[in-house]
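What follows is a set of notes on a single structure, which appears directly below.
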Amino acid sequence: MNPHAKLITTLSLFAGTTIVISSNHWMAAWTGLEINTLAIIPLIAKSHHPRAIEATIKYFLTQSTASALILFSSMINAWLTGQWDITQLNHPLPCLMLTTAIAIKLGLAPFHFWFPEVLQGSHLTTALLLSTLMKFPPLTLLLVTSKSLNPILLITLAITSMALGGWMGLNQTQTRKILAFSSISHLGWMTLVTIYSPKLSLLTFLLYTVMTTTVFLSLNMIKVLKLSTMLISWTKTPTLNATLMLTLLSLAGLPPLTGFIPKWLIIQELTKQEMTPAATIAAMLSLLSLFFYLRLAYHSTITLPPNSSNHMKTWYLRKTPNTFTAILTSLSISLLPLSPMILTMV
């Protein structure tokens, strides 16, 4: 891609995100979402592969449908209440339409079908943007309007996302699809606690972003797109593969790693709000995700494949260490001792 085009696209992504998170008017928020959508499309389609073009079309159609729903719900709300303020949602019809639109934007189940396909057709760095930065603007709208939305609908969407994200990731062999279902499952955790503690939902997203960025950058460095090539990737960079295993276990939410913090705090908050059944279901459904994270971790650190592989083993590479990846890996593994300080923020 042309460097100038890449610069314009990147600046547009950050500009669109900034407009959404700082806006109070529905039209400004909708404009920011549209800038984001139009900016990411060239990045998805830049390889000119048929699968990339297919992913671009699927992404454009789903996002334009969600944007139309957001615009329609804001217009109906303005018609009924005379307010264009984002926080002034008082009628059930625009609230229902907005919840549906945000669920499509985020990829929450049952509106999740586009997300794994789009990630599978994208490059790893573009898939990273789709899993992290592109989720932030709609999640911001969800946090701002959470007090007005239907709590039963949000809890249903959250539990469905956790169940489907864990269940459908079990038999995947492509790393990008596994991480897509991982994202759907984590978004379920964020949505579940949005009504009771928006700050905790935002903290969960930030920690998820750190861990997912580490995984994507590590996979991009060792050039792994499927599990069969991950089996023999340990010969390239053994240290990176070992830290990748710990990051994957952190994503699974195992103590004493960073990923345990949000799940622990969410279950604690749900128990305080007398939502013990929802907390129990969430904890049980996290075992589904744990299975495929353990599978990924096993594939990343295994030294002798249990069966014959058609792939040629690669030479050990003495690459210059990436400081940014090293910092993110440290944050993804060792933030649990800072949880008392994090608790004061929440």
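Each residue, glycine too, has its Cβ placed from N, Cα and C.
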Among 7-25, 178-196, TrEMBL marks as transmembrane the stretch 178-196
Are the transmembrane segment (96-115) and the transmembrane segment (178-196) close enough to be called in contact, which here means at least 3 C-beta pairs under 8 A that are separated by 6 or more residues? yes
Counting only pairs 6 or more apart in sequence, are there at least 3 Cβ pairs under 8 Å between the transmembrane segment (278-298) and the transmembrane segment (243-266)? yes
The mean pLDDT across the domain 'NADH dehydrogenase subunit 2 C-terminal' (290-343) is 75
If one takes Cβ-Cβ under 8 Å and requires six or more residues beyond its ends, the residues near the transmembrane segment (178-196) are 106-109, 112, 115-116, 119-120, 127, 131, 135, 139, 142-143, 146-147, 149, 151, 154-155, 157-166, 168-169, 172, 204-205, 208, 212, 215-216, 251, 262-263, 266, 269-270, 273, 275, 278, 282, 285-286, 288-289, 292-293, 296
Given the transmembrane segment (323-343), its same-chain partners at Cβ distance under 8 Å and 6+ residues beyond its ends are 203, 207, 210-211, 213-214, 217-218, 221, 240, 243, 246-247, 250, 255-261, 264-265
Under 8 Å Cβ-Cβ from the transmembrane segment (202-222), and at least six residues away from its ends along the same chain, one finds 124-125, 127-128, 131-132, 135-136, 139, 143, 175, 179, 182-183, 186, 189-190, 193, 233, 236-237, 240-241, 243-244, 247-248, 250-251, 258-259, 261-262, 265-266, 319, 322, 324-325, 328-329, 331-332, 335, 342, 345-346
